[in-house]
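Before anything else, here's the structure in question.
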Amino acid sequence: MAIGPKLMRAIVRNDAMREDPPEIYGWRVFALVFSACFGGMLFGWETGAIGGVLAMNPLQEKFGYGQKSASEKATLDQNIVSTLQGGAFLACFLTSWLGERFGRRRCLIGTGTVTVVGVVFQACSAINGTLAVMYVGRFVSGLGVGAASSLVPLYVSECAPRAIRGGLIACYQLLLVTGIMLAFWVNYACLLHLTAPAIYILPLSFQGLPAIILIAGMCFCPESPRWCARKDDWESTKQILINLRGLPVDHEYVQEEIREIAEQLEHERQLVGGSSTKDLLRELVTIPGNRKRTFIIFMLMVWQQMTGVNAVNYYAPQIFKNLGMTGTEAFLFATGIYGILKVTGVAIFLIFMADSLGRRASLLWTSAAMAFTMFIVGIYGRIEPPIAGKPISPFGYVAIVCIYLWAAFYHSVGVHARGSSCPKFLQRDSEP
């Protein structure tokens, strides 16, 4: 047995890992996963770059911040940041249909292309100082990264071996936080070594790098075997599985996987029958079992966002500044450390816990730990807020450490929420 499968069997402890042939854990499946997961880095880089860029004085001068009040500056920052989310929100309603119509692979290439277009608009807006162009660029980029955030986990789950499926899906989160970390450090490096206009144009332009890698990588990756099967292209399904698993077509594992796909698709067809989309949506709330599943999935995502993760990611430089750090270099450096801890937390989870630790247990204890750390930060802001011109107090450093701990704890919640045991596709109960 090769070193790779031996190492994975030592780390991942589940029945499928013990039963499945070691040949399926070859380089092809990992190359496919990491190529696709650059779609996560799209979102991460866009998220991490904008806060630091908006904190740079040269860009503020370019956009005319000097003539505005503090509240007007904050409003502009919020508008620029949230426009990306608006594009991502719209993409949610389009991605499912596009993915089913054109396939996962082609749509991922499309998301990378759309994101590059948005990045070009953002860079041009910084050159010309035109806020309207920045809004357009952020919205267009949001369409790309929003579509990728839905397509990547789906594509990976349909291509990954069952034993390590949870861990490979979690690679999306790993590359997402890696993108955030790299964006933080690119901002910091540009601030130290460049002058305007390169100081802000380069970080904005670098947002397109993950998109270019995604496009290039997906050009060499196969389509999802499950999608091919849904289109009754079983010959392509077999060929893709043979290449990904590194096994001959008559191998028991390949034949079993093909049978499972066929049975699942037939089961879905029987459940759906001739029902329209309207009928299926109605059954999400009228059938008790479906209603419960829908509520769990919906609230899991809602409460994941209510932890404030995106607010901290987007406004990390401003948060560290408000905790008492002085100087743009200082709070951008602190933001870079925050990014490193995020990546470390996800990597530890991915290697040691993704396919071994229960979802519910990790959600519960990490949520409690996150609440405690944020409670400490809140107490600091209430009883001993930072004073301009004075050094950070010992309690202030405790609050900063709590932000770092919060980030590390969150990524058990973030990964598990995306890889939870709730079904991706809600199946109808047999009861009327």
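Cβ coordinates come from backbone N, Cα and C, glycine included.
Heads up, TrEMBL stuff is auto-annotated, nobody curated it.
Here the structure is a predicted model, which means the values were calculated and not measured.
When I checked TrEMBL for this same protein, it listed these features:
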- 25-45: transmembrane segment (TRANSMEM)
- 32-432: domain 'Major facilitator superfamily (MFS) profile' (DOMAIN)
- 80-98: transmembrane segment (TRANSMEM)
- 107-129: transmembrane segment (TRANSMEM)
- 135-156: transmembrane segment (TRANSMEM)
- 168-186: transmembrane segment (TRANSMEM)
- 198-221: transmembrane segment (TRANSMEM)
- 295-316: transmembrane segment (TRANSMEM)
- 331-351: transmembrane segment (TRANSMEM)
- 363-383: transmembrane segment (TRANSMEM)
- 395-415: transmembrane segment (TRANSMEM)
With Cβ-Cβ distances below 8 Å as the criterion, list the same-chain residues six or more beyond the ends of the transmembrane segment (331-351) that contact it, or say none.
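For the transmembrane segment (331-351), the list is 11, 48, 51-52, 55, 167, 170-171, 173-174, 177-178, 180-185, 187-188, 191, 316-318, 320-321, 325, 400, 403-404, 407-412, 414-415.
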Under an 8 Å Cβ to Cβ limit, what residues of the same chain, 6 or more beyond the ends of the transmembrane segment (25-45), are close to it?
4-5, 8, 108, 111-112, 115, 144-145, 148-149, 151-152, 155-156, 159-161, 164, 168, 171-183, 206-207, 209-211, 213-214, 217-218, 220-222, 243-246
Verify whether three or more Cβ pairs under 8 angstroms connect the transmembrane segment (168-186) with the transmembrane segment (198-221), leaving out any pair fewer than 6 apart in sequence.
yes
Please report, as numbers and ranges, the same-chain residues at least 6 past the borders of the transmembrane segment (168-186) whose CB is under 8 Å from any CB of it.
29-30, 33-34, 36-49, 52, 152-153, 156-157, 160, 202-203, 206-207, 210, 313, 316, 332, 335-336, 338-340, 342-343, 345-347, 349-350, 354, 411, 414-415, 418-419
For the domain 'Major facilitator superfamily (MFS) profile' (32-432), what's the mean pLDDT in this predicted model?
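Value for the domain 'Major facilitator superfamily (MFS) profile' (32-432), mean pLDDT as a whole number: 84.
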Give the nonlocal contacts of the transmembrane segment (135-156) in its own chain as ranges (CB under 8 Å, at least six residues past its ends).
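Distant Cβ neighbours of the transmembrane segment (135-156) are 32-33, 36-37, 39-40, 42-43, 46, 50, 79-81, 83-92, 94-96, 98-99, 104-105, 107-108, 110-125, 165, 168-169, 171-172, 207, 211, 214, 224, 418-419, 424.
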